[in-house]
Amino acid sequence: MNSLKRNQQIYGWLLIGPFLLTLVIFFLYALIRTLYFSFTEYDLFNEAVLVGLANFKNLLSDNLFLTALSNTIWFSLFVTVVQTVLALSLAILVNNKVHGQSFFKVAFYLPCVLSSAAVTIIFIWIYQKKGFLNGLISDIFSYAPYIVTFLLCAFIIQLMLVMRDRRRGLPAGICEPAWAFLACLIAAMVTLTLAGFGLISETKQIIEINWLNTHEKIGPMPLTLWAIVIQNIYTTIPTFMLLFLAGLQGIPDELYEAAYIDGANKFQQHWYITIPQIAPVTFVVITFSIIGTLQMFDQVALMGTSAPIAPLESRITMAYYVYHNTFPPGETPQIGMASAAATVLALLTLVVVYLQKTFGVKEKVNA
């Protein structure tokens, strides 16, 4: 029996051995070397010289580092909130018993199977001054009278149809699909009629927003970084949607049935049942999102190649700051500064995840 137990332990160590070796070489060793270099002045060509906390002091006086820190925090905050809400919304939509559910799962997950480089190239084309996004915005403003008329008519007609059913004592939601289709059809006819009589007309607009090569800021972040926010949300939502979907499918239907009998509407069912029940999944999603956004690098690096005249401050993040100091174009590498920035980034990630775990969404469902 002892021999069998010993053999099992040996096999266990053999199985996890490659993983442990990889962890030691590529994580622990790299971490120790990074910590060491953060206290030195090193340029890859000369011997490292210990300088104590000088690199960390220089970081605090470096405006580029402070900009990178601010951009990273705001980027992480905005992307985490938006993609968590959108991923949960898509998961709830896909989880409904509708025809073509498998198709929607594949369609929503498609952005995840594409490489980051390929997606970035597509978005670079979209963000050109005469690209798809500016063309779409121009069309929206050009046809604004048609769009506003259609939406206003559809809303009024839908509201009238729903109120009529409710006065008759029939159960009708504000987004009743049958009435929504009829309202859109009537609204389209009204809009075309008004256009035919010349009461509304197209106003040609040409809008060319410089998304990439720009110094402009919107709120706390540069416009270029906002463009990367949209791309990052687009590419990460599918994975989190699947995590939420797995959590939703583990919620017993009896809970919703009991809530419906008690008179709870759809919003109340999701607020008091869905969200508390998927708290463990939400914790995982938020944690992964925080870690990923704080360390986001590839999209910034690839976007930078398409914006050669844009200032570095318009897209700099903590991870890209580390890369920029390690491989500065035409300058001597500053490994000490890069290592110090990487150490600060690691500490920032640990602190934010700890705060999220302590004060944010919990790992367990409340009893």
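In case you wondered, yes, glycine gets a Cβ from its N, Cα and C as well.
Where the annotation comes from TrEMBL, it is an automatic prediction and has not been curated.
Worth saying up front: this structure is predicted, and the values here are computed from it rather than measured.
Listed features, source TrEMBL:
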TRANSMEM  12-32  transmembrane segment
DOMAIN    69-356  domain 'ABC transmembrane type-1'
TRANSMEM  73-94  transmembrane segment
TRANSMEM  106-128  transmembrane segment
TRANSMEM  140-162  transmembrane segment
TRANSMEM  178-201  transmembrane segment
TRANSMEM  221-246  transmembrane segment
TRANSMEM  278-297  transmembrane segment
TRANSMEM  335-355  transmembrane segment
Paired segments the transmembrane segment (221-246) and the transmembrane segment (178-201) in contact, 3+ CB pairs under 8 A: no
Cβ-based contact of the transmembrane segment (278-297) with the transmembrane segment (73-94), 3 or more pairs under 8 Å: yes
Range from 106-128, 140-162, 335-355 with most C-beta pairs under 8 A to the transmembrane segment (178-201): 140-162
